[in-house]
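Here the structure is laid out as structure tokens; the discussion comes afterwards.
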Amino acid sequence: MAIERTFSMIKPDATKRNLTGAITKVFEDNGLRIVASKRVWMSKREAEGFYAVHKERPFFGELVEGMTSGPTIVQVLEGENAILKNREIMGATNPAQAAEGTIRKSFALSIGENSVHGSDAPETAAQEIAYWFAETEIVG
């Protein structure tokens, strides 16, 4: 098994409900180490840039609005097969379809307010990490 890094985000719907610690605990309890973390309030430009891949999707405006509505925790997680493990821990995008014990089943309010984001592939992880962090900010 390979030690890898992935990008993780705790979204405003969760931070506004003071769930940062509870969600962080789930990552750590499942063997993922937080090697970089910061609290940001995304600007419209940052949200549009980060989610540019969804620009033509009908939910893009709502997504940007939600992501700029409050503080967000951006993180780099490290561990064995971190990308897959994080995706399993998060659960399905739609919390109604997420497995019991996953972050989204436990904390998400809806498909639009699903509490967390995580990279889906090594290339995406590298891009998303670089969007928010300089290499010197990742210590682990």
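Numbers run from 1 along the shown chain.
Glycine too: its Cβ is placed from the backbone N, Cα and C atoms.
Annotated in Swiss-Prot:
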type     : residues                                   : note
ACT_SITE : His117                                     : active site, pros-phosphohistidine intermediate
BINDING  : Lys11, Phe59, Arg87, Thr93, Arg104, Asn114 : ATP binding site
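This view paints the features noted in Swiss-Prot onto the structure.
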| residue | record | DSSP class |
| --- | --- | --- |
| Lys11 | ATP binding site | coil |
| Phe59 | ATP binding site | coil |
| Arg87 | ATP binding site | helix |
| Thr93 | ATP binding site | coil |
| Arg104 | ATP binding site | helix |
| Asn114 | ATP binding site | coil |
In whole Å, note down how far the CA of the residue listed as 'active site, pros-phosphohistidine intermediate' lies from the CA of Arg87 (ATP binding site).
9
Within 10 Å of His117 (active site, pros-phosphohistidine intermediate), Cα to Cα, which of the binding-site residues Lys11, Phe59, Thr93 are there?
Lys11, Thr93
For the ATP binding site, please report the maximum Cα-Cα distance among Lys11, Phe59, Arg87, Thr93, Arg104, Asn114 in Å.
21
Give me the long-range Cβ neighbours of Arg104 (ATP binding site): same chain, 6+ apart, Cβ under 8 Å, in sequence order.
Met90, Gly91, Ala92, Thr93, Asn94, Pro95, Ala98, Asn114, Ser115, Val116
